[in-house]
Amino acid sequence: MKKAYVKSYGCQMNAYDAGRMADVLAAEGYSATESVEEADVVVLNTCHIREKAAEKVYSELGRLRVLKGERAESGQDTRIVVAGCVAQAEGREILSRAPAVDVVVGPQSYHRLPDLLRQSRETRVVDTEFPVEDKFDHLPARRNRGVTGFLTVQEGCDKFCAFCVVPYTRGAEVSRSVAAVVEEARRLVEGGVREITLIGQNVNAYHGDGPDGAPATLGHLMDALSAVPGLLRLRYTTSHPNDFADDLIAAHAGNPLVMPYLHLPVQSGSDRILHAMNRRHTGDAYRRLIERIRTARPDIALSSDFIVGFPGESDADFAETMRLVAEIGFAAAFSFKYSPRAGTPAAEREDAVPEAVKTERLAALQQLLDQQRHAFNAAAVGTVAEILVEKTGRHPGQVAGKTPHLQAVQFDAPASTIGTLVPVRITRAGSNSLFGEVLEGAAAAA
């Protein structure tokens, strides 16, 4: 049987797309392999958000060129595919920089991958079009891969933040219908998935057709998904502060399947930098939104993204970011040094922050965020949380899962608990995960 190796870089959307590409190849008779050395087709599903991520891809392609040559010497053919956002952004340039690549395919065209592979027998192929037809209408049934699963409900972004390539690589905002999303969710749950994370570049801008033909909101969509038998948990990512509607806040307060965890990027605490980033909100507007959300769901865990060293960022601007973080408090966060991306407005600016200053600011911000994360985890010790068991643990007799607040937990319990909710008393907090013990009688009941 032919074998396919699919590697994904970057965001949850890429992870979803990588899984769907594996499904497309499986429908063509390819079995999945974890060994790139034995793969007949190698797919790199790429990320273009930061320069470092893109360069990782080219480094990997250099290694694959050697592997392809070695396999050819033994009479084995290898097709190399570059998919995702680097493919969309750089197109034919990839063929020039990486001679071993056979197919370049964008994130809206990968449903055509089998045809592109066949064409590549004659000539190298690039397909980065935004097709008129919806790719989701052409994808095969999903193959389930665990207790949790991603489900794309929205793609693209219309915000055009000054630093971001997503509007150029993923296109304008489009949403799937409520019926299509619910049907995919139903199939996932029938296959064993118990927690679904709804994903989109700007997921709370969701506006898919509802049952009556009118646009539905993300809150309405989650209400519809809550009726899927067997579904235990719902999450969603990533959101923009400007699209956070009242019905979504109400879903956190009133829908028991919606978990008390929210990833809501702010990027900076400085109004001057937020304006330069074209974020369309202020630091105080973000604070007021968080206050409303916490009023509706006091136990919610907050996560965010931060960029340090955006062009023109002064010491005073960075101090505003530190002040916002200190005032709000985050359970988790992702912070990065600004990386210019070709074609974005920010890349044209000439007031770059020195690399040494970026590094210093990132270290200071990360130290504060780490302190907040450790404090949040430590506060869980002594409490009881319902853990959705996802897999076996690192040690014999151990399983692992997550709290409603997305904290990883390890504890002793039989493998039969996988896919169930188990009440666990948290006994210890590590640097990146929690440890606990099952309440007496709970594991046996599960």
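Note that Cβ sites are derived from N, Cα and C of the backbone, with glycine treated the same way.
Per Swiss-Prot, these features apply:
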- CYS11, CYS47, CYS85: [4Fe-4S] cluster 1 binding site (BINDING)
- CYS157, CYS161, CYS164: [4Fe-4S] cluster 2 binding site (BINDING)
- 2-122: domain 'MTTase N-terminal' (DOMAIN)
- 143-375: domain 'Radical SAM core' (DOMAIN)
- 378-440: domain 'TRAM' (DOMAIN)
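Excluding the listed site residues CYS157, CYS161, CYS164, the same chain places LYS159, PHE160, PHE163, VAL165, VAL166, PRO167, GLN201 with Cβ atoms within 8 Å of the centre of the [4Fe-4S] cluster 2 site Cβ atoms. In the predicted model, the domain 'MTTase N-terminal' (2-122) has a mean pLDDT of 92.
The shortest Cα-Cα distance between CYS47 ([4Fe-4S] cluster 1 binding site) and any of the binding-site residues CYS157, CYS161, CYS164 is the one to CYS164.
When Cβ atoms from all protein chains are considered, those within 10 Å of CYS164 ([4Fe-4S] cluster 2 binding site) total 22, not counting its own. Ranking the binding-site residues CYS11, CYS85, CYS157, CYS161 by how many Cβ atoms sit within 10 Å of each one's Cβ puts CYS85 at the top.
Cβ neighbour count for CYS47 ([4Fe-4S] cluster 1 binding site): 21 (other Cβ atoms within 10 Å of its Cβ, all protein chains included). Within 10 Å of CYS85 ([4Fe-4S] cluster 1 binding site), counting C-alpha to C-alpha distances, fall none of the binding-site residues CYS157, CYS161, CYS164. When secondary structure is read from DSSP and collapsed to three states, CYS11 ([4Fe-4S] cluster 1 binding site) falls in the coil class.
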